[in-house]
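To keep things clear, I will list the structure first and then write my remarks on it.
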Amino acid sequence: MKPKVYQFFLALFAAFGSFLYGYDLGVIASVVASDSFVDKFLSVDSSTRSGTVVALFTAGAFFGAFAAGFTDPLGRRGTLVLGAVLFVIGGVLQTAAEVIAMLLGLQILPALGLAICAMLLPESPRWLVDHDQSEKALQTLAKLHANGNVEDPYVQAEFEIITAQILDEHENAAKSFKELFKDRANSRRIITACVCQASAQMTGVSAFQYFSPTIFDQMGISAGRTLLYQGFNSIIGELAQFIFFFLIDRVGRRPLQIWGNLACCAALVIGAALLAEFPPSTTDNLGAQWAFIVASTWVFNFCFCASGTMSWIIPAEIFNTATRTRGVSIATMVSFAFNTLIGQVTPIAMAKVGWKFYLLFIVCDITNALWFYLFLPETKGLKLEAMDDLFANSPWVVVGSKWKPGIEADVNRLAEKKTHLAEYHYDRTEVASKAAEPT
């Protein structure tokens, strides 16, 4: 299998874990709005109770993200398997619940799929080097980049850079969460990762995902039609992710974050204007309903995929080996903290202030774009080892900065040097063999 194809399938298998969270995320809106659930649980104080149900879902994810910071001894593959097993247990408990429909049992399937796929994944080369398994790390790098050739100059250069980086990190490794804030580079990483996660939630996407039937009801759109439109919305999301998959490394992280938030802002402005102009008690305008569906749901979701995807990619790529597990854990906790807050507040706010609740997300989209424009460094094309140099030495305000990390050039020079050295030895061997031939 070609290295590029192999890398693609590894990323695909690892991303399979998204199905676990995505299934619950997709189902919860319809469950909370279903007649049987409303009759059983939401007959009294429905706004507060529906918010609490959603908030408990994301609160569980918050504590799961906290626990992830202590799973480094298991390795990346072991952590995936553990998460899948716990998800299966949760799926069994939900399926056996008195009120939850048997449909929820389907969430066990992606969890089982993840557990199986995780067993086929190689362990992270950086984790292997970090745990004194250098030979396995070199073999994994060779399979990833050179069809298993451990003597490939690029593989050797990559291995040496990783080894040197980890040896340096062992001297300054984060023994606790507070050490993530001990220097400029780590503090800046944490701030960047947390802002990326918090900003994604404050676009308003979670409010739509969890309470779309409630929001659509304010435009006079029935619950049955809402689920149909949300299904189409999911298809749009998949299409958007496919498109942005090819743009991430071409356009860069900063433009997608900036323009994605501004586009979300424009979509919400249209939605808020329609809700203000056509209140729930008077909404019978089919044109206004369709405009709301297209702008505030479909267009918004498409634009969010530009910035929302970055909220997961950027935290995962900016931390070094010593800080990655705890750093990503903190960023993910921030995401679910904001998720929980929005889940609890949204139904109450929509019932109390209606369309004015949109103003919060409109302002946040603008401030998000401004923050990314001023402070988010571009990480497109940088290796993980180059991130230390970037976050330690580049200016905080990145607008107008022409600073470039030096380590990337060092990696390329080392690989080039090894190639030249190999060619030199080959040439000398060939000359020597010809000289030894009888004349």
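Backbone N, Cα and C atoms are what each Cβ position is placed from, and that goes for glycine too.
Sequence annotations record features per position, and here TrEMBL assigns domain 'Major facilitator superfamily (MFS) profile' to 1-380.
If you look up TrEMBL, you'll see 53-71 (among others) marked as transmembrane segment.
Annotation comment: TrEMBL describes 78-97 (among others) as transmembrane segment.
Taken from TrEMBL, the feature transmembrane segment applies to 103-121 (among others).
The list of residues near the transmembrane segment (190-211) in space but at least 6 beyond its ends in sequence, with Cβ under 8 angstroms from a Cβ of it, reads 25, 28-29, 32, 50, 54, 180-181, 257, 261, 264, 268, 296-297, 300-301, 304, 307-308, 310-311, 314-315, 318-319, 327-328, 330-332, 334-335, 338-339, 342-343, 346-347, 350, 357-358, 360-361, 364-365, 368, 371-372, 375-377, 391. The transmembrane segment annotation in TrEMBL covers 190-211 (among others).
Note on the transmembrane segment (231-248): residues 26, 256, 297-298, 301-302, 305-306, 309-310, 313, 380 of its chain, located 6 or more positions outside it, place their CB under 8 angstroms from a CB of the stretch. Look at TrEMBL and you will find 231-248 (among others) tagged as transmembrane segment.
Here TrEMBL flags 260-278 (among others) as transmembrane segment.
Sequence-distant contacts of the transmembrane segment (290-315) (same chain, at least 6 residues past either end, Cβ-Cβ under 8 Å): 192-193, 196-197, 199-200, 203-205, 208, 212, 216, 219, 221, 229-230, 232-233, 236-237, 239-241, 244, 247-248, 253, 256-257, 259-261, 263-264, 267-268, 270-271, 274-275, 327-328, 331-332, 335, 368, 376, 379. According to TrEMBL, the feature transmembrane segment maps to 290-315 (among others).
TrEMBL lists 327-351 (among others) with the feature transmembrane segment.
Residues or ranges marked as transmembrane segment in TrEMBL: 357-376 (among others).
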Item checked: Chain residues outside the transmembrane segment (357-376) and at least six past its termini with a C-beta under 8 angstroms from it -> 192, 195, 199, 202-204, 207, 253-254, 257-259, 261-262, 264-265, 268-269, 271-272, 275, 307, 314, 346, 349-350, 396-399
